[in-house]
Amino acid sequence: MKESGNISIHTENIFPIIKKFLYSDHEIFLRELVSNAVDASQKIKRLSSIGEFNGELGELKVKVSFDKEAKTITISDNGIGMTAEEIKKYINQIAFSGATEFVEKYKDKGDDKGIIGHFGLGFYSAFMVASEVEIISKSYQEGAEAARWTCDGSTEYSISTAEKDERGTDIILHIAEDSEEFLDEFRLKSILEKYGKFLPIPIEFQDKIINNPTPLWAKSPAELSDEDYLKFYEELYPFQEKPLFWIHLNVDYPFNLTGILYFPKVKNEFQLQREKIQLYSRQVFITDEVKDIVPEFLMLLHGVIDSPDIPLNVSRSFLQADSNVKKINSYITKKVADKLQELFKADRPGFEEKFSNIGLFIKYGMISDDKFFDKAKEFCLLETTSNKLYTLDEYAEEVQALQTDKDGQRVYLYTTDAQQQDAFIQSAIQKGYSVLKMDSMIDPHFINQMESKIEKTQWKRVDADSIDKLIDTGIQLEAVLTEEQKTAVKEIFEATINDKQKQVQVEAMSPDELPAIITQNEFMRRMSDMSKTGGGMGMFGNMPMTYQISINANHPLISKLVELPTEEEKKNLAKQITDLALLSQNLLTGADLTAFIKRTVNGF
Ligand SMILES: Nc1ncnc2c1ncn2[C@@H]1O[C@H](COP(=O)(O)OP(=O)(O)OP(=O)(O)O)[C@@H](O)[C@H]1O
């Protein structure tokens, strides 16, 4: 048998679906109803301003109240109001057809969050918490009769005339048993403050106005002072340190967006993301999960973004596909880059001072966004161990003469820990070289990016090898030892150290260098560093670190060692030299350190 037909949808199924699927967060009902009340107030304001309404506007206000005994929550406005006909049209018809469409579309999809704004179902979110909803409304139109609509969550409703003197709408929710948690002052207040803090019409709760109807981002930058911005920051993030600077976003084509982004003081990366950027749509708080709207590297910023063009329904897959969101993303990136460039040009010393705080954003941005890289390469700064700051171009010029190796590669020396690597830094400085400070978590990734973007440049950690090997200018130092003596020295050290993770080599270095230095291979160490911060190749994180011990064949102590009469004495001196090298790198610890001290005080 074969049969085909249409699957029919019954509106009776709608309410359970609304209740179950619309929002995982039931508190949203208040946002929806208060937004509707604000809309109604804005509408009457508009009608008045274009002369379509000539009556008394009065003080427009939305009032939220609750009655624990009667188990009701009421949202009242003195906005545009609705006639009985309008209630039927806007509340019954539209929503029901919207709801049918909803069921049709999502019947196979299971749970999904935030479909509401899509279908004009905002009002129906009331049924997530109410067993019965009443609307008592009186339209602004002259001679309009007040109407009362009730519905208990079935598809039946009743509508009748009502007594109401003032223009506007009261939405009365008879709270369902399983939602009585909302009949609580603290709970209601915190929901209102969360979503309604900046709604454009005053919101009254318990005789207090809970919102700021004219938040800073909605004003024109020209009329605002620095104090205004700082005060607003404090309003958003109380008890935080002052931000460094800010950007006021304001665009109306090809999409609408306003907002203020603040650059916070960030000293270390672990503090990040504690405060978040807040997303609003027409001053209604939507979320502080702004992933996808704000480029990831700018998530480190604080502040607000307001755009009616961002779908209220902030489900991730939806956002990613939204073309406005993509445009917004690149707009914000461009704005941030422009602002940084402007600051850099207008006040270089000020910019340098802030760099320790903003360097992280800039480097992160350069790694993750090519367009940002192109702009930021003009103002990203590199800091040397002598605390001088250079742009990339300035630095290339600075080191060009001395730090170009025999193959024409510029070698940038850097340190990740100026204290620990001091001996190596001093060797480099003695040669007239410059060493960069690269000590933040982002730096290993940044260095990789720079090497791939800037031609003929190599980055080497200052302790990755002896200085003459790091920058091989092609000039070979002669070793004072013969080949046989070198082999003998190598064997003595190998026998003394006896550790496969530590490889010995004997090299001709300058006599000014230490008798022995311990180095770590640049490539291996970098891979291991990067795998620690998520990147590079994971396996390197687990590998034991191998060290090179380079013996300076030209150091007087090594010459002395060669001359010593007994094997025993040679080994003792080799041990002492190795321990000194380890000590200079903070690698001598525990029992080895104790033994070293004991030996040294006893004249070894
Ligand atoms: N307090 C009110 N005063 C006047 N009209 C209202 C009020 N609340 C709702 N309405 C009318 O009912 C309509 C339907 O409201 P509903 O919240 O379901 O959808 P919406 O606001 O159009 O869209 P959304 O789902 O995005 O909230 C509104 O467009 C408005 O015309």
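Using N, Cα and C of the backbone, Cβ positions are placed for all residues, glycine too.
Where the annotation comes from TrEMBL, it is an automatic prediction and has not been curated.
If you look up TrEMBL, you'll see Glu32, Asn36, Asp77, Met82, Ser97, Gly98, Thr169, Arg316 marked as ATP binding site. If you look up TrEMBL, you'll see 25-179 marked as domain 'Histidine kinase/HSP90-like ATPase'.
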Task = Please report the number of other Cβ atoms within 10 Å of the Cβ of Met82 (ATP binding site).
result = 25
Task = Mind looking up the mean pLDDT for the domain 'Histidine kinase/HSP90-like ATPase' (25-179) in the predicted model?
result = 85
Request  = Based on Cβ atoms within 10 Å, give me the single least packed residue among the binding-site residues Asn36, Thr169.
outcome  = Asn36
Message = I'd like to know which of these binding-site residues, Glu32, Asp77, is least surrounded, judged by other CB atoms within 10 A.
response = Glu32
Request  = For Glu32 (ATP binding site), name the DSSP secondary structure in the helix/strand/coil scheme.
outcome  = helix
